[in-house]
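Student: Pasting the relevant annotations from Swiss-Prot:
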type    : residues       : note
BINDING : GLN109, ASP114 : Ca(2+) 1 binding site
DOMAIN  : 541-576        : domain 'EF-hand 1'
DOMAIN  : 615-650        : domain 'EF-hand 3'
MOD_RES : SER2           : N-acetylserine
MOD_RES : THR354         : phosphothreonine
Amino acid sequence: MSEEIITPVYCTGVSAQVQKQRARELGLGRHENAIKYLGQDYEQLRVRCLQSGTLFRDEAFPPVPQSLGYKDLGPNSSKTYGIKWKRPTELLSNPQFIVDGATRTDICQGALGDCWLLAAIASLTLNDTLLHRVVPHGQSFQNGYAGIFHFQLWQFGEWVDVVVDDLLPIKDGKLVFVHSAEGNEFWSALLEKAYAKVNGSYEALSGGSTSEGFEDFTGGVTEWYELRKAPSDLYQIILKALERGSLLGCSIDISSVLDMEAITFKKLVKGHAYSVTGAKQVNYRGQVVSLIRMRNPWGEVEWTGAWSDSSSEWNNVDPYERDQLRVKMEDGEFWMSFRDFMREFTRLEICNLTPDALKSRTIRKWNTTLYEGTWRRGSTAGGCRNYPATFWVNPQFKIRLDETDDPDDYGDRESGCSFVLALMQKHRRRERRFGRDMETIGFAVYEVPPELVGQPAVHLKRDFFLANASRARSEQFINLREVSTRFRLPPGEYVVVPSTFEPNKEGDFVLRFFSEKSAGTVELDDQIQANLPDEQVLSEEEIDENFKALFRQLAGEDMEISVKELRTILNRIISKHKDLRTKGFSLESCRSMVNLMDRDGNGKLGLVEFNILWNRIRNYLSIFRKFDLDKSGSMSAYEMRMAIESAGFKLNKKLYELIITRYSEPDLAVDFDNFVCCLVRLETMFRFFKTLDTDLDGVVTFDLFKWLQLTMFA
């Protein structure tokens, strides 16, 4: 019996991106078809463990010090001394995954500063549909137990299914991090572990905003309200948000490090994340009072002011209504008046849910669009409007607003189209251990002028932004994972430009667009095309005699110029141009030139071929000097983009990223020889494609031999 030959498949960075895009178009990454995180298949792993009679141990997030953290919880930290990893079955005789359903009291904070995450989990328990999108049914420490559990998390536009083992950090016989009040329930501790896994460690979860957890559990988009500047109808906004299943969180800002986790006179914790779990208006002494219900993940520290559990205000409320609203003492949940809420708290976060999270609800839903993008040094990281020379190279997205809001939505206000823009930077929490923190990000919105409305999706250039002011922008540039702002603008076309504050700050991002009415969106990018010069048909008689004499002197006895001879000639000439910064032409770049011009295929250049190349290089030199704006002898990566267009090539942003990576120096400068090599390579590839595209449909098909032939000698 012959064995099947195994053929390895290797994906380069570019091909991997293409493969990922194709998979997404087929539905991979939606909640119903979540990506298996790190390739781990929960069912396969569980069955394998059951068949072998072993308990699962996750080597992708092993029970070792590095999984706890890298600094404060690092391997040599005193805070991690004595921590062991144990399974719930080693701690209790009858551990449970969930007892009587998941409730807000299942989440009690441990030694980790992730109250923001726990507040989000607490809000999640209010909605069974949302909860079980994150915590799949059918998991247990009894039936089919194999020491393996899984959870589904939203990560930057994709749902991922995350597998964990049930080895949890233990100290002095107790869970170190999140735990339930019951003591024998472990779903919240295991969910925290899954979240730590996707972020690299438990320590990576320290510090954050509730909105981050909201979004990673729902795929929704979050709005922020500074309560000192809140709209007059905020209570109605909260009521409507709770009715729509939105998740809400709030906090009290700190004025110094000493304030962190400080407890106020009325038992509110500063710098601490609370979840908003309800809102209700009650009749109190003949007046309607607006109340709001809060939850503190710590559990035991509660508000002691008006409308707290033991306050006298409840004695003047109808007994039936009072019994419906009052909660148990010391569970971390409490009521307070909306007036006190506005006075005591600093900010409110509301996570609006995507339509797929609200399938069973007969309510109005957002229209949503998501784009992924990158900022790359020298090509697409142009910085904010403060840097006009480079701002235009940032990614651009066009929005077309057609329908205004329903009249009921804006009352007497001027009509317009409401939408939320949210810009999120990717993977920054996971990269903390490498010293990389959040970049300062934001975005600007520009109205498309009438003469450009309806035009193809062409990337807007520098002159447009120099001549036009922004129509709207994010409230601020800030170093948070996400910046979001609600807008209401008249119908029309607009261009959104997301950016870092400073140029050349690299990162990946997700831009999301939530609109109340249907709207059109498209990423602006130039269409790939080349205005190539006609291939010259010259005879030797048409060439200048002086050039012929020069050629005879350079070519030698065979009257042809080889690759090595071409390098010697070009480097001798370029060395005389003292204004050019160059290391000289390499053999590889000269070989590319010969391949482009060699018509008879002998690997050398004859008189006519060398004449055409010579004129081409003179033209390239003219373009190079034109776009070397500071006369430094080299071009910046951004100047090169304009120079390439001047040479007749229109490329999209992904190709510019590749070109800058390949042809620029570490300081993002492009010298003359690299510029020439780039243009020669571009022309060669365009001409190859044009030759093969016989039916002019922009698509060519070839076998492996032809592919290798083209790529080896281009």
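All residue numbers here begin at 1 and follow the chain in the order shown.
Every residue, even glycine, has its Cβ placed from backbone N, Cα and C.
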Student: What residues in the same chain, six or more past the boundaries of the domain 'EF-hand 3' (615-650), come closer than 8 Å to it by Cβ-Cβ distance?
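Tutor: Answer is 377-379, 382, 389-390, 393, 526-533, 570, 577, 579-582, 656, 659-660, 663-665, 668-672, 675-676, 678-679, 682, 686.
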Student: How big is the Cα-to-Cα gap, in Å, between the residue listed as 'phosphothreonine' and GLN109 (Ca(2+) 1 binding site)?
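Tutor: If we compare the Cα positions of the residue listed as 'phosphothreonine' and GLN109 (Ca(2+) 1 binding site), the gap is 29 Å.
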Student: For the domain 'EF-hand 3' (615-650), DSSP counts of helix, strand and coil?
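Tutor: Here the numbers are 23 helix, 4 strand, 9 coil.
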Student: Compile a sequence-ordered list of residues in the same chain as ASP114 (Ca(2+) 1 binding site), six or more apart from it, whose Cβ lies below 8 A from its Cβ; state 'none' when nothing qualifies.
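Tutor: When sequence neighbours closer than 6 are ignored, ASP114 (Ca(2+) 1 binding site) has PHE177, VAL178, GLU192, LEU205, SER206, GLY207, GLY208 within Cβ distance under 8 Å.
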Student: When you measure from the Cβ of GLN109 (Ca(2+) 1 binding site), how many other Cβ atoms are you left with inside 10 Å?
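Tutor: Within a 10 Å radius of the Cβ of GLN109 (Ca(2+) 1 binding site) lie 21 other Cβ atoms.
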Student: Tally every other Cβ atom lying within 10 Å of the Cβ atom of THR354 (phosphothreonine).
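Tutor: Taking all protein chains shown, THR354 (phosphothreonine) has 19 Cβ neighbours within 10 Å.
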